[in-house]
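Novice: Reproduced below are the annotations present in TrEMBL:
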type	residues	note
DOMAIN	26-191	domain 'Heme-copper oxidase subunit III family profile'
TRANSMEM	26-47	transmembrane segment
TRANSMEM	67-85	transmembrane segment
TRANSMEM	97-114	transmembrane segment
TRANSMEM	134-157	transmembrane segment
TRANSMEM	169-190	transmembrane segment
Amino acid sequence: MYDEAAGETPDEGWGPLDGLPGNPMMWILILGELAVFGALLVGFSVARALDPLAFAQGQAALDVRLGGLNTLVLIASGWCAALAVEGRKTGRSGRPQLAAAMALGVVFLVVKGAEYAAKISLGYGPDSGTFFELYYLVTGFHALHVLAGIVLLAVVARYNSLENLETGTAFWHMVDLVWLLVFPVVYLIGRAP
């Protein structure tokens, strides 16, 4: 209750964010991150429209199999994170599933690192034209979010309340969702058959 005579106002809560799992501040962060990734992907698409030949040549140098493998890895990690939340709701800790999600996040980073190393060894660094500049920017920014997500899941595993778990896994699912957009935009759309 609030005391109007004492100058208190009613607690309005978070409005429409109240119904979302986890802390509403995480959802505000997620919306901001989605806007940033959206702008990056629109910028990538505009640059491709302005120079389709250079982007087709750049895409031809990418290993779609590794990008596809990383897609499967992140989908599996998201499934593990969802299982952790469901386990916590039924009285279990969810820690084994979180550990699996984090391990799969590490696998993603190892595969991405191997992909970067292979590209750089072939002379395709960030300074190899607009395609590779944007490729490294978009995928590198995403990889940083995977790393941040792994750290967040580790914190959530340590401080294991349902709200913390829902908050951490919401961020992790955002990272998964973003990759499901990055992969086709960067690796597939406009690629020569």
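Just so you know, glycine gets a Cβ as well, placed from its N, Cα and C.
So that I understand the layout, could you describe where these features sit and how close they are to other parts?
Specialist: Same-chain residues lying 6+ beyond the ends of the transmembrane segment (26-47) with a Cβ under 8 Å from its Cβ atoms: 17, 20, 55, 130-131, 134, 137-138, 141-142, 145, 167, 170-171, 174, 177-178, 181-182, 185-186, 189.
Counting only same-chain residues 6+ beyond the ends of the transmembrane segment (67-85), those with a CB under 8 A from a CB of the stretch are 21, 94-95, 97-98, 100-102, 104-105, 107-108, 111-112, 115, 146, 153, 162, 165-166, 168-169, 172-173, 175-176, 179-180, 183, 186-187.
Residues 20-22, 26-27, 29-30, 33-34, 37, 41, 44-45, 48, 52, 55-56, 59, 62, 64, 67-68, 70-71, 74-75, 77-78, 81-82, 84-85, 101, 105, 135, 138-139, 142, 145-146, 148-149, 152-153, 156 of the same chain lie 6 or more positions beyond the ends of the transmembrane segment (169-190) yet place their CB under 8 Å from a CB of it.
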Novice: Residues sitting near the transmembrane segment (134-157): Cβ under 8 Å, six or more positions beyond its termini, same chain?
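Specialist: Cβ under 8 Å, 6 or more out: 33, 36-37, 40-41, 43-44, 47, 58, 62, 74, 81, 94-95, 98-99, 101-102, 105-106, 108-109, 112, 116, 125-126, 164-165, 167-169, 171-172, 174-175, 178-179, 182, 186.
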Novice: Could you pull out which residues elsewhere in the chain have a CB under 8 Å from any CB of the transmembrane segment (97-114), counting only those six or more residues past its ends?
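Specialist: For the transmembrane segment (97-114), the nonlocal Cβ contacts are 66, 69-70, 73-74, 76-78, 80-81, 83-84, 87, 139, 143, 146-147, 149-150, 153-154, 156-157, 165, 169, 172.
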